[in-house]
Amino acid sequence: MTTFTALLSHYRRHPWQGAALALLMLLATTLWTGIHHLTSEARASLGQSERAVEARHQVQRIDGAVLTVEDFVSLRRQGLCLMPWLEVLPEGESRRVIGVDPLAALCFQRQGDVASFDGQPLRGDPFLDIADAAALPARQSQLFLIVAPNTGVLPEAYRITSFSLAPDTGQLGDSFLLNLDALSVLVLLITGLLLRSVYLLSLSQRRDSFALLNRFGVPVRRVRWHLVAELVCLALLTLIPGILLGQLLANGLAGGFASVMEGLFDSRQFATSGNNWLVPTVVMMALLLLVCAADWLIPDKLRKASVFVIRSGLLALLFIVVGTGGVWLAPNLLWLFVSVALGLAGAGLLMPWCLSALSSRMSRASHQPLRRWWWAEFGVLCRRLALPLVALQLALAMVLAVQALVTTFEATFDHWLGQRLSADYYLEVPTGADAEIAAHWLTQNLPATSGARWHRVLRGQGRIGLDSQSRSVDVFALAPVGSLVTEWDLIEQTEQPWQQLAAGHGVMLNEQLAYRQGLAAGDQIQLELAGQSMSVPVLGIYPDYGRPAGEVLMAGDLLPDDFSVAFESFSISPGSVGIETITEALAGIWQQPALTLRDNRSIRDLANRVFDQTFMLTRAMTLLTLALAAVALLLMGWVFLATRLWYFRLLEVWGLERAAIFLRLLTLALAVSLSAAVLALPVGVGLTWVLVQRINPLAFGWSLPMELYPGFWLELLALALVIGVCIALLMRRQLGRPAVRPSVTGTVTGEER
């Protein structure tokens, strides 16, 4: 029998350990590969299409009308350098394709390469010939006309604006992807901890085998390298199916994920042909080797230095101070994550140091031998279980913060949706119908005594700012400004904002636009509508959780006469009149056989489903993180308490009954697990503030109120107690078994006295 087969014989005696390691590695690879595939495909989609039109401009009609092929033909005949860009979302697909005309791109470059545009290939996903793209059965399609920067004077009906594949939303979509990446890294770390705990359990059970091999002349270094080879074989066996399952998971979530990216961030998802397998392979291989073989790969001097660092409270405080300062001053999400990581690292370093210092002080202050032993043993466990305790602390803090964020957002979103959909029904104005006649009829036939409320909504496009600094915004004009909107909550406001808005003395902005432009209530802005510029004050800032585009709310009387209305609708609460009476009358006025009427309750249900889909992945990952952290502490606590069984048996030699020993083990296990949970509470509260006040505005463009849920804290504390009880019950089974002296144990055991 060779050394390698002798080592592998352990898994013949304990097959569940090998199966557990393989299953954990498989699940971790599947989950992380799926998330990585989704986020990398989304980034590749955005990057590939954005590079092809980087620093470009487009032609738009001044009246805001949609561009057509006739516009392209007319402008090309006048000698303008244009390239059509047709975005198509095919039926039954979740990702868009782009129809282009490479021949039209010749005027953008000196050379005659018709297969590229400024060096970017125009063949292959997501690019198609424009004729093929136009022939696809499409759910949506939109034509853009990209213009060269040296284009001459345009006809009076057109103007040049900057071209972007999505509104300038402050990289919200990329920030959302970065949030998912950060959560997936946390899941990786906790999964690695669970792998380490199972592997340490196997090492503790194989220590006699290691000692026997050493007596037969096998060097310790050789045994370690054989164990590393064992881990490499395990990784190779689980990586391939894990990566395949991860890609299947990503394909299954791709449709919903693309809908979330487009719905929340206006980030169009284009077809790509990437195959991401190298990064997951390297990451998972490195993770397995790092967490399982770290004790052998790190030199002894460095390992001793790391123990000193862990015990250094000064370094922990330094990390916390630097991280807190960075959270306040971080200009973007990446630096904010670095600052949060420093703060969490400081909290993690501080916890075992504080518990160890507490145990030392209480042990010296105790006069009873058993109490002194209890505090000394508590300190040993806190030092030996520092890694899983810190992981459980951070996992509990993360779950607490994410739960507060999601619960607060759910309540806030539902309240906001109730205000935005305060009307009972939503009635679309048919194309070509006169909404003025309908508004006059509603005014005459819906008296105040009937309890009916309504307003007309006119939607279009405008620009905010001056000249080159201006940007496109959505315009929502209300006529009249009534009680359906005056009950909205405002983040900031001037005196009597709704009365001023109804009188046409200003406008209101949604939170995303105000946040990106640095505007506040009372500021003066330059608003351009239908080519006319006006200076108006900002009367209020209102929350908007539906979409990231900038939005301006104003009274309908403030619109110029030649403003291009893209869409019109009525929001109606019929009161005692009845919606059937209203729709029949308006259908007769407009001479339409049927009208598009939507019950706002169904719209609200749809919005809530989109919300649930948006945070389903986040909730699943945080719950998985908590479950993995709990199991990790449970297994590692069992491992290290089992290695100290020899010391616990000494208590029986000293005269303690086995029931009394179990009681002390129970209190030790409860104290260790509960300490991690209690110290996780302040970290979780701080992390909640960072999420709602710092990360959330940068990642999504809106802020949320700071809400705490003490009831959920009690649930987490109860979970910690359950973990402690489970550890003690597992140890109770060990008390009746023979104990091995610490002198034959290695670094994975509890030989500290």
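One is the number of the first residue shown, and numbering goes on along the chain from there.
The backbone N, Cα and C atoms fix where each Cβ goes, and this holds for glycine too.
Feature annotations, courtesy of TrEMBL:
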type     : residues : note
DOMAIN   : 183-292  : domain 'ABC3 transporter permease C-terminal'
DOMAIN   : 621-735  : domain 'ABC3 transporter permease C-terminal'
TRANSMEM : 20-39    : transmembrane segment
TRANSMEM : 182-202  : transmembrane segment
TRANSMEM : 223-244  : transmembrane segment
TRANSMEM : 277-298  : transmembrane segment
TRANSMEM : 305-328  : transmembrane segment
TRANSMEM : 334-355  : transmembrane segment
TRANSMEM : 385-406  : transmembrane segment
TRANSMEM : 620-641  : transmembrane segment
TRANSMEM : 662-692  : transmembrane segment
TRANSMEM : 712-731  : transmembrane segment
For the transmembrane segment (662-692): best-contacting stretch of 20-39, 223-244, 334-355, 385-406, 712-731, by Cβ pairs under 8 Å: 385-406
Within the domain 'ABC3 transporter permease C-terminal' (621-735), residues counted as helix, strand or coil by DSSP: 100 helix, 0 strand, 15 coil
Reported mean pLDDT - the domain 'ABC3 transporter permease C-terminal' (183-292): 70
Sequence-remote partners of the transmembrane segment (712-731) [C-beta within less than 8 Å, at least six residues beyond its ends]: 392, 396, 399-400, 403-404, 626, 630, 633-634, 637-638, 641-642, 645, 648, 662, 665-666, 668-674, 676-678, 680-681
